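*Asks:* Pasting the relevant annotations from Swiss-Prot:
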BINDING   GLY37, PRO38, SER39, GLY40, CYS41, GLY42, LYS43, SER44  ATP binding site
DOMAIN    4-235  domain 'ABC transporter'
Amino acid sequence: MSKIVLDNVRKSYGGNIEVIKGVSLEIADGEFVVLVGPSGCGKSTLLRMIAGLESITSGTISIGERVVNNVEPAERDIAMVFQNYALYPHMTVRENLAYGLKNRKTPKEEIERRIAKAAKALEIEQFLERKPRQLSGGQRQRVAMGRAIVREPAAFLFDEPLSNLDAKLRVQMRVEIKRLQRSLGTTSVYVTHDQMEAMTMADRLVVLNAGHIEQVGTPIELYEKPASTFVATFIGSPSMNLLQSPESAAWQPGRAITLPSGGYTFGVRPEDIRILEEGDQDADGFNAQVRIEAVELVGAESYIHAALSDGKPLIFRVAGRSTHNIDEMVRVGASATDVHIFGADGRRVSD
């Protein structure tokens, strides 16, 4: 196991197109860190730089106590799990697991020990003599993970490994990956664009935007105190409602909100908004009259899509099956403690 340290890492193409913009990050020994962000934010490029598959333009990358800027990928003591499994189709599962170890001249007895240990942990013992074409997508992904595990590396690097799986299997596999990582205690860096994967798997999240870090923290820290409007809308589903401060009475802050000078944006998560009853005095953060435009039933709860009097959209959540009708007018509100305030630059200005 090893910590991974990135110090002011930059990556440019053609000398003037910078895609990684001075990223500094320390990943602790045994930590599971998830790099998350939209397409094109630089998360996969950053992972490939750690792996040695992409060169860096400036800065340093250390694995353990060793700077690995100029170290070949095979010598970095890392193992990578890819989206496309990367299995040899003509080999059995056992042969796929053993291939890398044989290339490193690992003794036969040690190879068998590692294969048996990984196969048991991944519950693929009954598939060892099968070839990849005889396996399901989930089973193939377990084999790909097994090939990484038998390496017994200093760190695991996961590049969107669940993207090819269906929704049910993704849920199962993310639980298995996290369980295995905890049992092995291996430092892990995991890339995904799926914020649900990120929230449920990470010890810490690193939210990337256009090649730089927007925020680093635990999933609950990023959810409850997003550092910017970008993080606020990226983390959480449905995303946080963001509304510019209006001059009209369509949507006004309540008495408990202290406003910063200059332009500002209010943020409220859908689950923090409730429909107000007559005489309700608890909505001291904001309250507004809205018109219901759509109702989505998603099992144990409903999402109501509404419009403010100035036409701006607002989404909020109610428990169970909503009894409200399209075009119905309702008053909604939230407590001051649930209102997030962001300045004109999009950065958080309130606790």
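The count begins at 1 with the first shown residue.
Each Cβ is built from the backbone N, Cα and C atoms, and glycine gets one as well.
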*Asks:* Far apart in sequence but close in space: which same-chain residues, 6 or more away, have a Cβ under 8 Å from LYS43 (ATP binding site)?
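*Replies:* Looking at Cβ-Cβ distances below 8 Å from LYS43 (ATP binding site), excluding near sequence neighbours, one finds LEU35, VAL36, GLY37, VAL191, HIS193, LEU208.
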*Asks:* Identify which of the binding-site residues SER39, SER44 has its Cβ surrounded by the largest number of other Cβ atoms within 10 Å, counting every protein chain shown.
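*Replies:* Selected residue: SER44.
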*Asks:* Considering the binding-site residues GLY40, GLY42, which residue's Cβ sits among the greatest number of other Cβ atoms within 10 Å?
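*Replies:* Counting every other Cβ within 10 Å of each candidate, the maximum falls on GLY42.
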*Asks:* Can you see whether DSSP assigns SER44 (ATP binding site) to helix, strand or coil?
*Replies:* helix
*Asks:* Return the residues near CYS41 (ATP binding site) by Cβ distance under 8 Å, restricted to its own chain and a separation of at least 6 in sequence.
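*Replies:* Expected: LEU208, ASN209, ALA210, GLY211.
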*Asks:* Mind telling me which of the binding-site residues GLY37, PRO38 has the densest Cβ neighbourhood, counting other Cβ atoms within 10 Å?
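*Replies:* Most Cβ neighbours within 10 Å: GLY37.
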*Asks:* Write out, in the order they occur in the sequence, the residues of the chain not among GLY37, PRO38, SER39, GLY40, CYS41, GLY42, LYS43, SER44 that have a C-beta within 8 Å of the mean position of the C-beta atoms of the recorded ATP site.
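*Replies:* Residues close to the ATP site, other than GLY37, PRO38, SER39, GLY40, CYS41, GLY42, LYS43, SER44: HIS193, LEU208.
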*Asks:* Summarise the model confidence on the domain 'ABC transporter' (4-235) as a single mean pLDDT, whole number.
*Replies:* 93
